[in-house]
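Per Swiss-Prot, the feature active site, proton donor/acceptor maps to Asp93, Lys186. The active site, schiff-base intermediate with acetaldehyde annotation in Swiss-Prot covers Lys156 and is backed by sequence analysis.
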Amino acid sequence: MTISRSTMAQILDYTLLGPEVTNSELAAFIDSAIELGVGTICVPNSMVNLTAKAQEAGIRVATVAGFPHGKTPALVKAAEARLAVQSGASEVDVVLDIAVVKEGDANRLLQEIVAIREAVPSPVVLKFILETAVVSDEAIVTAVNALIAAGADFAKTSTGFHPAGGATVEAVRVMASASRGRVGIKAAGGVKTWEDAVAFVEAGATRIGTSNAGAILEGAPE
């Protein structure tokens, strides 16, 4: 597969989510995002209101809810998502209750996803994190089908914070096969090089979450 640098840049969700991020670090990150030409930045919920410069440059602003453990009630995640949108976010990456994903409980998944979707209707883009490193392929398929049924926009592999690891090509293939184009697929966690990113796109990813956007794009072929 041949992918241009500019196309890859638009696929990237360039991420800065550490708990210690300062305002000055965020400002430098936004300058970097503009210089790199990425499509989206993903920043802490409390800092969305500081991203006007990125928005003015045409960069989409994403944030997170229920992050990184997913162990808050759905209505709390919904409130987080609503606040993020009010602050200027156009996309929210939500961590599902990973135990429910792991159990393959479609009804409980639907209840959670619908509650959040109703709080932030389309055109806000909702991506739901499955933490694929700790769930079975069967559970991944169940979760993807629930996301489709509930009107989600993306299934996302990982938070990037779980000790079990991040995205794998195999998990992305399972997600893409289940989705058949009905929701986008975001690979995140451990994507560090151009070759990594291309492999995930070839497996079916339509977005790449990474804190390594500069290194990835530096690896683009001439």
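Residue numbers in this text run from 1 along the chain shown.
Backbone N, Cα and C define each Cβ position, glycine as well.
Annotation for the active-site residues Lys156, Lys186: lowest Cβ count within 10 Å of the residue's own Cβ, Lys186.
According to DSSP, Lys156 (active site, schiff-base intermediate with acetaldehyde) is assigned to a strand segment.
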